[in-house]
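Positions annotated as active site, proton donor by Swiss-Prot: Tyr264. Per Swiss-Prot, active site, proton acceptor is recorded for His418, and the stated evidence type is a curator's inference. The annotation substrate binding site is assigned in Swiss-Prot to Arg143, Gln153, Val154, Leu155, Asn156, Gln204, His208, Tyr263, Tyr264, Gln265, Arg266, Arg443, Glu669 on the grounds of similarity to another entry. Per Swiss-Prot, the feature Zn(2+) binding site maps to His420, Asp438, His469. For 1-26, the entry in Swiss-Prot reads signal peptide. As annotated by Swiss-Prot, site 'Neutralizes the sugar carboxylate group at subsite +1' applies to Asn207, His208, with the evidence given as a curator's inference.
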Amino acid sequence: MRLQPLFVSLALAAPCALLPTASLSAAPAAAARQADTAPVLVTAAQWQQMASEGRRYPWFAKEQARTEATLKKMMKAGIDVPVPRDKGGGRTHEQHKRNYQALLAAGTLYRLTGDRAYVDYARDMLLQYAQLYPTLGPHPEGRGQIPGRVFWQVLNDSVWLVNAIQGYDAIRDALSAEDRNTIESKVFRPMAEFLVSEPKNYDQIHNHATWAVAATGMTGYVLRDQELVEKSLRGSQKDDKFGFLRQIDLLFSPDGYYEEGPYYQRYALAPFLLFANAIERNEPQRKIFARRDGVLLKAVDVLVQSSYGGLFFPINDAILDKGIDTEELVAGIGIAYARTGDDRLLSVAEQQKRLLLSPEGLQVAQALAANKAKPFDYHPMLLRDGPDGDRGGLAILRMNGERGQALVQKDTMQGMGHGHFDKLNWLFYDNGNPVVTDYGAARFLNVEAKRGGIYLAENRSWAKQTVAHNTLVVDEQSHFNGNWKRGEAHAPQVRFFQADADTQIASATMRDAYPGVAFTRTQALLRHPDLGLPVVLDLLQVHGDKAARYDLPLHFNGHIVTTGFEAEHFPSQRPVLGKDNGYQHLWLDARSKPGSEPRSLAWLLDGRFYTYRFGSSAPAQALLVESGANDPEFNLRREPALLQRVDGQKDVTFFSVLEPHGEYNGTAEYVHGADSRIREIVRTRGSDAEVIELRLASGARIALGVADNSATTSEHSVTVDGHVYRWNGSHARLDRSKGDGK
């Protein structure tokens, strides 16, 4: 017979007990003591509901069984609380991670099953920490300004506390007063005090500080320490300059976009939502989920929208294989669904194949059992950046559903220290794959052999550098000369964004990335009946105050099929492209002579062909390069890129079209549609506007007009081969059918 949770048994037994008069007079004091130790992060009533109903719902029952199996293996292996010695990925580091996971699981399973073995296991582990923690100073492998105690960086200490305090809250009323006092006075309280005492970590607007304030705030609620809660909410000085509330106000845009990008939005989401949940349960009058028009719940939706094929857009410092199945977003989906009842989130939960053993997780399980899931609608959107939404944004253009075409134009803020120097960078996805790529971060997370799992030196020398991205490089220097603090002061200006059924377009201007240089990028995702799939049109206009070298890389995924230009190759030697700012990591494989006529490059990826037609207003070289040079430790992936180079110009315009087409099936041995349906790309300059014309094999012409001044509503005209294109406003789609002279 399954045991009931202990608190359920006590609740049922109390009304039937025959107590002497003296005991009755002591009842209020006993009730007060019980209230002082009762769980507060998840209430006793909520635990009781999960214990009595959870196994009736397959998703919840499966998660509970998985957690039980995992924890029993840990319990069988015995308790191990080692003296901290290692970096990330090392034995002691990984053991302390397993320990906080075990503490959380033990507390949860005690409440769901009533089995005292889980209490004993968690208690004994925490008592060992009570012996260890007072002896610890800065970690011997300490990283950064503030080493941790249990871990090499203080961030991991915060993560430990966020998880462990939840497990402790669940067993606290099952412990003796002596054990509670030992554990709290020697583990949880000194841990929280250590975090609060380090303002360089605690009083910051950054994801590290989010974890710290969530840890101390949740600990404050459990220990009934309102002073600690107030410091967590308002900063260590309680002056509202820092703390959890200020972080909500400054780190998210009104749309729910997080400044550091999707990868770190994913990481920060867990402490934001877990602490917000604790605040809502203990101080509902704060209305934390309503703050800034519900921005925390918006952030969950935005994070899912910032993904393709289940993986997050890897902008800034990002690990490529992080996606919607991460544990942080599992928590986010559960909490957001419980607060909103948005059935679209249930389809994300189905993809995650997991849920939390929490009241929110139970609600998800109940809804899934009732078949309430609806498809999540991935749609085009402009996610404004900055606290007031006026510091650029992330433009997402989409057609043909979840695995169709997605174009991402990165017109965002710098992203603090995790930001890359890639203003107006872009990515493109199609057929379930990244096609125009972003390297992400140079890091092997928690792989000890790769420098302990930290960001590698190549993250700074390659991955952050501008040439590692698909945007303008001037004189082989990175944006803001590679200084992120300078980058924080300057953001792109979004010119316009529009998304219709057949035309989706985004445009932004960047100034001050280079002294005296301004550049504007306009990109469109265009559908046409004579094309099999939507195409990407790209227009990059550069204006400088002196002659310079302009490089425009395109990092792509696939195997080159044809190069539509003559080039010099280097079969006997492989020159390195440059000496610094990322160029030292590029091998030069082929180089064309300068020319102004549009050229092409075609490649094959996962059974689909891609033809890239490109040109420029001034003579340009086409260089084929590959990453991986000057990499003696083999830390970099070998990836191809095309680099257009214009020398000695003040102004230049780059224009291109990327066309997905055809099918290759090696198993069935057939090829369809290997030839591009676009015959020519033509760029024509007018007095105050440009027209890019795509001339199709069918005879039809796709034309896009773009005005220099996006604010104007006046008429613009550009003549192309005797045909006058006219439109009003910032831009217009101006197609012509075969034989159309109008």
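Cβ coordinates are placed from backbone N, Cα and C, and glycine is handled just like the others.
The shortest Cα-Cα distance from Asp438 (Zn(2+) binding site) to any of the recorded positions (Arg143, Asn156, His208, His418) is found for His418.
Residues within less than 8 Å, Cβ to Cβ, of His469 (Zn(2+) binding site) and separated from it by at least 6 positions along the same chain comprise His420, Phe421, Asp422, Asn425, Asp438, Tyr439, Pro553, His555. Between His418 (active site, proton acceptor) and Tyr264 (active site, proton donor), the C-alpha separation comes to 9 Å. The subset of recorded positions (Arg143, Val154, Asn156, Asn207, Glu669) lying with their Cα within 10 Å of the Cα of Tyr264 (active site, proton donor) consists of Asn207, given in sequence order.
In the structure as shown, the Cβ atom of Asn156 (substrate binding site) sits within 10 Å of 22 other Cβ atoms. In the structure as shown, the Cβ atom of Arg143 (substrate binding site) sits within 10 Å of 18 other Cβ atoms. Maximum C-alpha to C-alpha distance over the listed substrate-binding residues Arg143, Gln153, Val154, Leu155, Asn156, Gln204, His208, Tyr263, Tyr264, Gln265, Arg266, Arg443, Glu669 is 59 Å. Following the DSSP three-state reduction, the secondary structure of His208 (substrate binding site) is helix. Within 8 Å of the centroid of the Cβ atoms of His420, Asp438, His469, where the record puts Zn(2+), the same chain has further Cβ atoms from Ile315, Asn316, Lys410, Asp422, Asn425, Tyr439, Gly440, Ala463, Lys464, Ala468, Asn470, Thr471. Ranked by Cβ neighbours within 10 A across all protein chains shown, the binding-site residues Asp438, Glu669 are led by Asp438. Here the recorded positions are Tyr264, Arg266, His420, and the one with the most other Cβ atoms within 10 Å of its Cβ is His420. Here the Cα atom of Asn207 (site 'Neutralizes the sugar carboxylate group at subsite +1') is found 10 Å from that of Arg266 (substrate binding site).
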